[in-house]
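Residues annotated as transmembrane segment in TrEMBL: 12-33, 45-65, 85-106, 113-131, 151-170, 182-202, 214-232.
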Amino acid sequence: VGIGEAANFAAYAFAPATLVTPLGALSVLISAILSAHFLNERLNIHGKIGCMLSILGSTVMVIHSPKEEEVTSLHDLEIKLRDPAFISFAVIVLVVCLVLIVAVAPKKGQTNILIYISICSVIGVFSVSSVKGLGIAIKELSEQKPVYKNPLVFILLATLILSVSTQINYLNKALDTFNASLVTPIYYVFFTSMVVMCSAILFKEWYSMNAADVIGTLSGFFTIVNGIFLLHRRKGMHVSFKSCSNTRLYVHLRKTDVFMSWEKITVSIFRLPS
């Protein structure tokens with residue numbers, strides 16, 4: 001896990017966040033395949049279709065993702081962090097997060113699955129932005145640039161520690177309270193949506209994309225989302241092509257009974273006394 005997170009951390013330094021974050025869905029795909037091979041977990045038709053959809057969506061996103069990086073240095077990042085559009089977005093995100101933590105979570109966190117997940121997803125925009133900045137800092141440090149003299153590096157590090165700690169806390173609460181097969185796909189959708197929105201505002205990655213690439217990226221993302229939900233739907237269900245065929249045949253044979261029952265119900269209703 002540590003090696004994987006380090007590789008994911010490094011990816012932000014060399015690729016757009018719009019591409020890196022959604023591709024995290026591949027970890028769910030690989031986990032499903034390896035669990036079927038090593039842990040003898042059953043991968044039914046839903047899981048297999050989910051795997052194919054995840055691969056298809058990832059491929060489409062890679063083809064249509066931003067081709068050029070908009071932020072290549074800490075100086076560029078500092079300029080973009082001062083953009084009024086991002087400052088407004090960050091203030092709104094921070095206010096929403098504080099309201100959810102202080103006012104909403106203590107009352108409805110144990111009954112509504114979206115509360116804890118929303119906190120993790122909203123605060124995730126700061127963690128991804130910080131990781132992106134620190135990745136660029138490490139890249140510049142490897143080029144022997146004195147990045148340790150830049151106060152922005154320490155601000156990004158502090159923001160990363162605080163945001164990741166908050167995410168871990170509320171994600172654990174969500175997993176302790178609700179079913180993991182529901183928490184994981186919903187969290188992926190919420191978190192990725194917030195990160196893509198933040199990337200569009202902060203890094204302006206979408207400005208260099210034409211209409212076809214935007215539609216392709218969104219289509220790939222929604223395809224991955226469908227694949228993730230199907231992968232998690234497979235848990236506890238034993239569905240195969242054979243069982244689906246049997247189900248269709250059963251429904252076909254029962255059509256007459258359903259219509260007969262509806263006819264009897266209709267007759268009974270009209271015979272009710274006034």
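Heads up, the Cβ atoms here are built off N, Cα and C, so glycines get one too.
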Stretch-level contact, the transmembrane segment (182-202) and the transmembrane segment (113-131), CB cutoff 8 A, at least 3 pairs
yes
Any residues 6+ beyond the ends of the transmembrane segment (113-131) with a Cβ under 8 Å from its own?
9, 12, 17, 21, 90, 93, 96-97, 100-101, 104-105, 156-157, 159-160, 162-164, 166-167, 170-171, 173-174, 177-178, 182-183, 186-187, 190-191, 193-195, 197-199, 202
